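Below: the structure, in structure tokens.
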Amino acid sequence: MIAFTLIPLISVVVLAFTDWNLVSGLGGITFNGIDNFVAIARDPGFWHAIGLTLVYVVVSVPLTVVLGLALGIALNRPLPGRAVLRAIFFLPYIVNVVAIGMTWLMLMNPKAGLVNQVLDAFGLQPGWFASSHWALPALIVMAVWGGVGYCSLIYLSALQDAPRQLYEAADIDGASAWSKFRVITWPSLLPTTIFLLVTLIIGASQGFGLIALITAGGPGDATTTISYYMYQTGFQFYRFGYASAIGLVTFVGVLVLTLLTWRAQRGRALND
Amino acid sequence: MTNKYSKWIWGVPLWILAIAFLAPFAWMISTALKPDVDAYKIPMQWIPDPFQWDNFSTVLSGATSVLPAFGRSVFVALLRVAGELITATMAGYAFARMSFKGRDKLFLLYLATAIIPAQLLLVPRFIYFQKLGLYDTLWALILPGMFTVLGTFLMRQFFVSQPAEFAEAARMDGANEWRVFTRIYLPLATPVMSALGILAFVWSWNDYETPLVLISNPDRYTLPLSLTNFVDEQGQIAPGLTMAASVISIVPVLIVFVVLQRRFIAAMTHTGIK
């Protein structure tokens with residue numbers, strides 16, 4: 001615990017105030033105060049990556065949660081083969097990112113991939129990972145496909161705890177399905193929603209594996225999200241000091257974003 | 001509302017959606033079983049013709065075999081699961097049942113470290129493992145993977161929920177703390193331990209980012225990394241081989257998932273964290 005988390009954590013904070021790369025060796029560590037943070041503020045690459053990450057998070061996370069909620073509600077009904085259905089939607093979640101990434105990369109082949117064969121019927125031929133416009137949307141499609149099953153599963157278990165007698169009372173009052181959802185289901189699912197939002201925001205802003213595998217941040221820098229930018233700075237250019245500073249800034253940023261989500265939702269829950 | 005037909009009104013669209021959802025997996029299996037020239041055929045050929053196992057025999061034998069990587073993934077996963085179970089039960093028990101100064105504050109502090117993303121710690125880990133000579137060895141994957149905050153948290157919550165009377169009775173009979181832990185509480189904890197074990201196995205099996213950073217020698221690749229062996233320098237993927245190897249990489253988690261589905265899902269929903 002201390003060896004693998006605490007010491008690295010302290011090191012990251014210290015390294016963030018140094019100018020150090022692999023070539024200069026341990027003796028080459030020089031403290032440069034807040035230079036890294038000043039450099040980050042002026043680094044167009046950093047801001048570009050932040051912008052991309054925001055787009056990615058703001059589109060993929062709510063989409064995943066909303067579709068996961070719809071799916072969770074649907075899977076909570078009596079259905080033929082319900083257990084199998086639940087397992088199917090959850091499947092992408094247990095498969096390693098390389099197998100998934102490779103498959104989608106070929107499925108989204110702009111010329112002959114299955115996805116474009118289907119879209120061709122609608123006159124659409126997006127370039128996906130070959131196009132700087134479509135690479136990020138392609139990643140979002142993959143993220144949503146991979147995440148909805150997980151969300152629906154978490155919602156499903158929350159739905160099973162929903163207050164049954166309230167629904168019965170609402171039925172007696174002749175409430176519509178929509179008003180039952182709005183007044184009973186949604187408030188009782190609020191803690192679950194917050195939890196999912198927070199986890200997905202953290203996940204979407206930290207992972208670099210899929211991007212390293214499929215696009216390497218490209219084409220150009222079209223998919224260089226902040227986590228990939230840090231990976232690139234640290235493990236391809238070996239600028240450890242600067243990479244640590246980027247990591248630290250991102251971490252604090254995500255933390256603030258998470259706390260804000262928490263606060264906003266809590267405020268709303270209290271007002272209801 | 002729950003008559004025979006309403007079941008199908010929702011069932012049919014959901015099944016259609018589910019089949020569409022499975023299309024990438026179907027494509028994976030189909031491509032693994034056909035020659036590469038047919039991989040991008042228009043229109044898509046779902047049932048391979050000619051049907052062939054060649055891709056599987058290539059990725060399972062000779063220089064291109066993924067079996068050594070498979071073995072390394074098993075080795076890493078087993079040690080990580082064992083380590084996780086040992087550290088989580090012991091730390092969880094200590095935080096739940098033993099009394100020492102500042103215990104609950106320490107536990108909170110411990111929990112707080114869960115919000116630190118693993119990615120942030122990769123840079124110092126990379127450096128330390130290089131200094132310690134562990135970089136580019138499987139131990140770089142195993143050692144930090146042998147405990148998680150989540151595991152300790154799960155076990156602590158379980159031990160807290162157990163009545164303290166058991167321990168008191170045993171202590172009266174002269175049992176020491178270790179005996180109380182191993183003979184009384186640990187046997188009670190097997191369902192939670194198996195749930196945690198499943199999670200730890202899946203985390204380890206699917207981990208790609210850690211080996212990407214900490215392993216560089218292809219002779220030490222774990223399975224997810226080895227799947228990238230079938231991409232040439234120009235970035236051209238060999239469809240059949242990659243998909244055959246991918247299918248092989250999915251089989252173990254799929255077996256765990258199908259056999260232990262109930263427990264698996266309980267584990268996911270209890271922790272709610274990947």
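Including glycine, each Cβ sits where the backbone N, Cα and C put it.
Residues or ranges marked as transmembrane segment in TrEMBL: B:12-33 (among others). Sequence-remote contacts of a segment are chain residues at least 6 beyond its ends whose Cβ falls under 8 Å from one of its Cβ atoms, and for the transmembrane segment (B:12-33) they are 39, 44-48, 51-53, 55-56, 239-240, 243-244, 246-247.
The annotation domain 'ABC transmembrane type-1' is assigned in TrEMBL to B:70-260.
The transmembrane segment annotation in TrEMBL covers B:74-95 (among others). Below 8 angstroms of C-beta separation, residues 103, 106-107, 110, 138, 141-142, 145-148, 151-159, 181, 185-186, 189, 193, 196-197, 200-201, 203-205, 222, 252 of the same chain, each at least six residues beyond the ends of the transmembrane segment (B:74-95), sit close to that stretch.
The transmembrane segment annotation in TrEMBL covers B:107-127 (among others).
Look at TrEMBL and you will find B:139-159 (among others) tagged as transmembrane segment.
Here the transmembrane segment (B:180-203) has Cβ contacts under 8 Å with residues 77, 80-81, 84-85, 88-90, 93, 97, 145, 148, 150-151, 154-155, 158-159, 162, 166-167, 170-171, 253, 256, 260, 263-264, 266-268, 270-271, 274 of the same chain, all six or more residues outside its ends. Per TrEMBL, transmembrane segment is recorded for B:180-203 (among others).
Using a Cβ-Cβ cut-off under 8 Å and counting only residues 6 or more beyond its ends in the same chain, the transmembrane segment (B:237-260) has close neighbours at 28-29, 31-32, 34-36, 39-40, 54-56, 58-60, 64, 66, 70, 74, 194, 198, 201-202, 205-206, 223-224, 226-227, 229-231. The transmembrane segment annotation in TrEMBL covers B:237-260 (among others).
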